[in-house]
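The feature transmembrane segment is assigned by TrEMBL to A:7-23, A:35-54, A:75-96, A:102-128, A:140-160, A:180-201, A:213-234, A:266-288, A:300-320, A:332-352.
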Amino acid sequence: MVKTWQVANLYILTHIGVIFFLYPDNMIQAMEVSHWIGILTGFLLHIIVVWSYIKGLSLFDRRNVVDIFLDAGKWIAFLLLAPVFVYLLAVIVISIRSYGEMITIIFLSSTPLWATMLLTAILAAFLAMQGIEAILRTGLLLLVLCMPPTLFVLFSSFQHVDWHYLLPLFEGGAFQWSFVYNRSFLMGLLAVGGSFVFLGFVQPEVAFNQRYIRYASFLLLPLYGIAVYVPLLTFGHSTASRLMFPFIFVTDIVEVNWLMFERTSLFFTMSMIAFVLLFISLMLWNAAYLVQKVITVRTWSIVWAIAFVLFVICVSIDDWEQLEKLIWWNTFLRLYVMFVIPGVTLTLGLLYKRKGGAAYG
Amino acid sequence: MTILQALKHRASLNADIRFQKMTLSGLEVELTGLSSLIDFNASLLHIQQQVHQDTNTGLPLESVIGNLGPIVAEPTEHQLMSSMLAGHLILWFERIDAYVLVAPVSRPLSRTIEPPTTENVLRGSISAFVEDIDTNIGLIRKHVASPSLHVHSYLLGTIQKKRIVLLCNDNVVDVRLRDAIVAMLEKNKEMNIQNLQQLSTALGFSKWSLVTKFNTSELPQEAETALSKGKVVLFMDRMPFAIILPSLMWDMFAVENDRSFPVIFMYAIRFLRVFGVLINILIPGLYVALVSVNPDVLRIELALTIAKSRIDVPYPSLVETLLLLVILELILEASIRLPKSIGPTLTMVGGIILGQAVVSAKLVSNLLIIILAATTIANSAVVGFQNSVTIRLFKYLLVVLSAIYGVMGLLAGLFLVCSYMAGVTSFGIPYMHLMKPRGEPNG
């Protein structure tokens, strides 16, 4: 069934979920001034990657990447997709662990971390086992429930902004693009290339019109901008770079007199966590889908099995430094997923098209 | 022993089986039927008149008998008994040993059409369905005067036959849905169906579903809308409501009667219902979360007020909330059971408990009273009692999760509810689907 809107919605929501936590910190660490160049670079990378990916997909008639790769050969598909599988698992571990940490900091200072992570894992697995269509529909419900508070906070976060911090716009060093080798920048790619892979997995059960996904990707640019620039404009670079979750901190100090709650960050983080849960369950479903292509098992059993193993891994990560190490290792896998998978898809698509043309010509 | 004698033997067990001998144009005839279902005197008169007329026009005897009703080809005791139970009058012509089933004048055993008793209508047709299945179909026919409205009848069950009628508008109906329902009904012909739970089993739904799979309505108007949206309407004999399939989430918020108001009010009313559901699900959990786990997220003045109202309350907020919620549920349940004349007593007693007394006794905080009152009121804003039960249940999930995880638990509960609802489908149609008159799939 054609569900373009649902797919576009899921694509946006999962990105929002990951943009506002680690990404601002990473970008602020990566560059001293002219962050917009970094943001724009990241965004352009995103556009290139996603557009070539969906272009490649659209050349085939409603098929998913796994089937496309399988056509090229069993072992080629295995070699191409095995890193994707590892990448998905790592992303899930990173998300569960880092958001668990964040929930502990913001809401539950006395609850043990494992309990929070257990909750996250259970929620994500519960949704993932119901399949992609349930995930898409949950996305719609969450859009209705969580988008109003999110937008409200996004607008109110400009309360303490000092536009002078925007300057200097052009600092010599930025245009040498030396920051792209910066570790923080590369880690920040989680928000750039985090969740788009799912677009290749949903077909043929769920079809979408690629044009609207392309439109939707433009909505991400202002979000990347707000995530990085609002903390910068509020605190200035030197203060903002000391904060662990700069954007959350900004929403913490926003003052709204008529609200019965002390901090607007409450609504914001809750909405973000909902989006992240969506993101995690999507990744979990992706991983389960890959496993199902190798061995035939029921979805629910494989989802719960993966969730359990990953939960154990999450618990065994001792502290934030280990997690950062994991994020860094995973960056290489992410670069692979961002460039090789869309590249191969597009190449295969073009080859397929040419062959098809020759056959009919 | 003739079959009639066997039936007579049965009559000793059933006082309402009646036998009567009479002569019809010179033929000895014996009539049998259930006097509890049939108005004998009127029926006899009717038969005599018809036979008299037919003989006068000079018809042969076979035609006269044939005009009375179908002749039972191979009569058995069991067959005649079930025809009798179905309300037929049986004529036995002694000379030719033939049994004829006559449609008699039946006793009026159904209510007349009245206003609905469980749903209220402000501006709209107020006649409601009754127990008699044919009256109900008639009501629908009055509302939908369309040749594309089709009525299919099924008899289910072995011991007790139950008539189930399926209605759909063939121009717009979701064909897959209709065929799936028909297939399930055909497959489970042997199943005895007396209630909606058994019907749900017959249609192949899971026993453990938390959301209702049937939307029910007493109003022909609602059934009409459902038909025009491509849904399927079922009637069960002696059930005074239409069973609408599939039941969708939006049915919780919208009734056709909303369209009697200007569009803006319609949206406002529906928004209010959505808001009511959210309040109902969230607020008790929010109270527990804010009091016991996350008082820090509240403004300090408000946090202090809440804390002040809870001074002297001896137990944790979870116990406090559950205690009062259970009392509220009991009041709701009891007021359904009680006869109307004693009902006010319950309201009064409940009012005393939930009023000042429980607060003065320092058993619960007065903020909680306000919250629970709001919850109960909000609970009733939902369309359809079957939907409000679902929401009542979800509320407890959120309360428990909030007690463990605070506001995070509240979010977790909401997420669980959302993902559960998103996963529910019936006959391949997702619960969140919006059915439009033209059958455009979306949502």
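Our numbering is plain: 1 for the first residue shown, then up by one each step along the chain.
Placed from the backbone N, Cα and C atoms, the Cβ positions cover glycine too.
Note: TrEMBL annotation is automatic and uncurated.
Per-stretch counts of Cβ pairs under 8 Å to the transmembrane segment (A:75-96) identify A:332-352 as the leading one among A:7-23, A:102-128, A:180-201, A:213-234, A:332-352.
Spatially, the transmembrane segment (A:266-288) is adjacent to the transmembrane segment (A:300-320); three or more Cβ-Cβ distances between them are under 8 Å for residues at least 6 apart in sequence. Residues 27-28, 169, 174-175, 177, 179-180, 185, 188-189, 191-193, 196, 199-200, 210, 213-214, 217, 220-221, 224-225, 228-229, 232, 338-339, 341-343, 345-346 of the same chain, all 6+ positions outside the transmembrane segment (A:35-54), place their C-beta atoms under 8 angstroms from a C-beta of that stretch. Using a Cβ-Cβ cut-off under 8 Å and counting only residues 6 or more beyond its ends in the same chain, the transmembrane segment (A:140-160) has close neighbours at 6, 9, 13, 16, 226, 230, 234, 247, 250-251, 253-256, 264-265, 267-268, 270-272, 274-275, 278. When Cβ-Cβ distances under 8 Å to the transmembrane segment (A:180-201) are tallied for each of A:102-128, A:213-234, A:300-320, the top count falls to A:213-234.
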